[in-house]
Amino acid sequence: MRTDPTVVTAADVAPEPWTGRDDGPGPEHLRWHHAVGLDLAGAASCDAALVGFRSDEGVRRNKGRQGAANGPRALRRALASMALPSPVRVLDSGDVEVADGDLEAGQHRLGRVITPLVDRGRPVVVLGGGHEVAYGSYLGLAGSRAVREGGRLGVLNLDAHFDLREDARPSSGTPFLQMARSEELRGQRLNYWVLGVSQPSNTERLFRTADELGVRYLPDTECGLLGLSRVDAFLDTFLAGCDVVHLSIDLDVLPAAVAPGVSAPAAYGVPMEIVERVCTRVAASGKLAVCDIAELNPDLDVDDRTARAGARLIHRIVTSGGAPSRPA
Ligand SMILES: N=CN[C@@H](CCC(=O)O)C(=O)O
Ligand SMILES: [Mn+2]
Ligand SMILES: [Mn+2]
């Protein structure tokens, strides 16, 4: 069944107009707030789409520090005044909101919003929300034409954690195990790669689960600038083995000084230079279908550092789909 790329599904909460600093007219003054449209009817012609996932429920169930439901608003605010090197058109589709603790229903609604956006053939950026956002994104991707028609799905998680917990209820600690189980149901093995895994932040049980599932990972200690060739080789192999990429960015992959506004800040972390390079290369591959920005908790942020770091990664991803007109 083919979906009409001009027909998209409305989110729970309509998007609000974007505002920000304005230095004058013309492309030389272009900023994000100029480039964002809210009209779903214009979805087909956009270079990228945004959708927010206002959810704290996964972090609450995972015994973390709550506040991620306000992440989408903080990310939009941090993006609004960023300068654009060349014109892009971005659709803001609004937010899916997890209400009354019903995370599972929210993840399915998110999936239904994402599928037609993915079918436009341009990246969808999902603004979390706790990392439970990733399973909703997966549901959207699994329903997309590219995956249903046999495209090989690859999931790359930039994270200090595996998020492969075997808990009774879905949470921010379980999304990739949920994906693995869903893939098993359609006779597939989840092609799951993690960059930035912190040994002290994952029990031996989680490492064992990762090994049993055939997960490929690079520890944070191998993701510094001295490990650049290892990171590049890891990414090359990942990209060569898939056609459709789900990039999931848990901001706690970054050092705590760069990303203090997360439930579990990283004592070590992967440098911003590396994380940004990985994002840029994935976007430039032309295979990126969905990218989550997860775990931003504005209540815990310092000078909007984490929101700005997340926004910068989104900026790089959206402006790296084609040839950038300024050096990255
Ligand atoms: N999404 C976060 N997942 C981590 C949280 C760890 C923590 O709160 O310390 C996990 O479950 O391992
Ligand atoms: Mn994490
Ligand atoms: Mn995570």
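Easy rule for this one: first residue shown is 1, then count along the chain.
Note: Cβ is positioned from N, Cα and C throughout, glycine not excepted.
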Site co-member for Mn(2+) 1 according to TrEMBL, given His131, Asp159, Asp163, out of Asp22, Asp23, Asp39, Asp250: Asp250
Non-site residues, in chain order, whose CB comes within 8 A of the mean position of the CB atoms of His131, Asp159, Asp163, Asp250 at Mn(2+) 1: Ala134, Asn157, Ala160, His161, Ser172, Pro175, Phe176, Ser248, Asp252, Val253, Ala294, Glu295
Same chain, 6+ residues apart, C-beta under 8 Å of the C-beta of His161 (Mn(2+) 2 binding site), given in sequence order: His131, Gly173, Val197, Ser198, Ser201, Asn202, Leu206, Asp250, Asp252, Ala264
Output field, Mn(2+) 2 shell: CB within 8 Å of site CB centroid, site Asp159, His161, Asp250, Asp252 dropped: His131, Asn157, Leu158, Ala160, Asp163, Gly196, Leu251, Val253, Val262, Ala264, Ala266, Ala294, Glu295
List of residues, in chain order, with Cβ under 8 A from that of Asp163 (Mn(2+) 1 binding site) and at least 6 apart: His131, Ala134, Asn157, Ser172, Gly173, Thr174, Pro175, Phe176, Leu177, Asp250
